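Novice: Sending over a structure as structure tokens; questions will come in a sec.
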Amino acid sequence: MGRQPCCDKLEVKKGPWTAEEDKKLISFILSNGPCCWRAVPKLAGLRRCGKSCRLRWTNYLRPDLKRGLLNEAEEQLVIDLHASLGNRWSKIAARLPGRTDNEIKNHWNTHIKKKLLNMGIDPVTHQPLRKETETSSATDYLADFVKHLPKVPETNGSDENSCSSDERCDSNLFKNDPLISSLLGDDPDIPQVDVPWEFPSGEQIFDSVSWDDNISSLLDFQGFDCFSDVEMNSSNVLELRHEQ
DNA sequence: AATTGACTCAACCGCTCGCTG
DNA sequence: ACAGCGAGCGGTTGAGTCAAT
């Protein structure tokens with residue numbers, strides 16, 4: 001039996017969201033909360049897939065999102081977390097408040113990857129890239145490479161604690177490299193921000209305020225205070241957001 | 001001014017996971 | 001134990017933008 005499509009592909013709209021669609025989605029979420037994404041498009045009057053609505057909300061419209069590029073500290077945290085978690089972007093994003101997995105993934109692919117490569121660090125393994133000039137020949141390079149390979153345990157190779165005290169598996173191998181050693185170390189200063197985002201109920205924050213007030217609140221929350229002098233209504237606010 | 005190539009990032013796709021009956 | 005379903009995740013795509021020529 002084939003899997004049912006998540007939505008009627010013939011009826012749903014694709015591509016960039018319009019201000020009107022954003023308005024409908026925000027309005028719906030503000031009054032109902034982010035639940036049952038499959039039903040959201042129908043209830044909100046959107047010709048979109050529920051999946052698309054969830055993505056739009058979590059990656060763009062959510063009021064607790066930070067804007068702009070990741071700062072130095074965030075970038076370092078991403079590198080650090082990637083070293084231990086790999087490409088588990090949602091896990092990484094959970095440690096960076098206000099950042100989405102998509103945003104971090106994009107930033108990794110466009111900025112951090114290059115940065116690490118320029119620093120001579122393999123963005124996948126987080127270990128120093130080897131330059132040809134450092135070894136006298138390809139044979140030497142291979143021999144050296146094999147020498148530093150971690151021992152593969154005979155049983156259950158996936159066990160991350162399976163490394164013995166053998167120096168080939170020792171995290172001290174690259175301890176002379178400041179970045180690597182910092183990546184390998186357990187930095188107590190790294191915040192363990194692993195709390196789920198709590199959606200403020202309409203009663204708590206948006207009670208007895210109009211749609212336009214809600215939009216202003218959202219923008220205030222996200223640091224759009226530069227527009228405080230502008231008369232805000234739902235249409236011009238969303239136009240502004242789309243201009244970003 | 002026009003063209004081109006590199007870059008960015010919002011959005012989509014397909015898959016997996018976890019819950020429920 | 002199994003199937004069905006919704007939600008979430010990670011990889012990929014492509015339109016828009018911008019700098020270089």
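Using N, Cα and C of the backbone, Cβ positions are placed for all residues, glycine too.
Sequence annotations record features per position, and here TrEMBL assigns domain 'Myb-like' to A:9-61, A:62-112. Annotation comment: TrEMBL describes A:9-61, A:62-116 as domain 'HTH myb-type'.
Could you give the neighbours, burial and distances for every feature on this list?
Specialist: Taken together, the residues in the domain 'HTH myb-type' (A:62-116) have a mean pLDDT of 86 on the 0 to 100 scale.
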Novice: DSSP-wise, what's the residue breakdown of the domain 'Myb-like' (A:9-61) into helix, strand and coil?
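Specialist: For that range the per-state counts are 31 helix, 0 strand, 22 coil.
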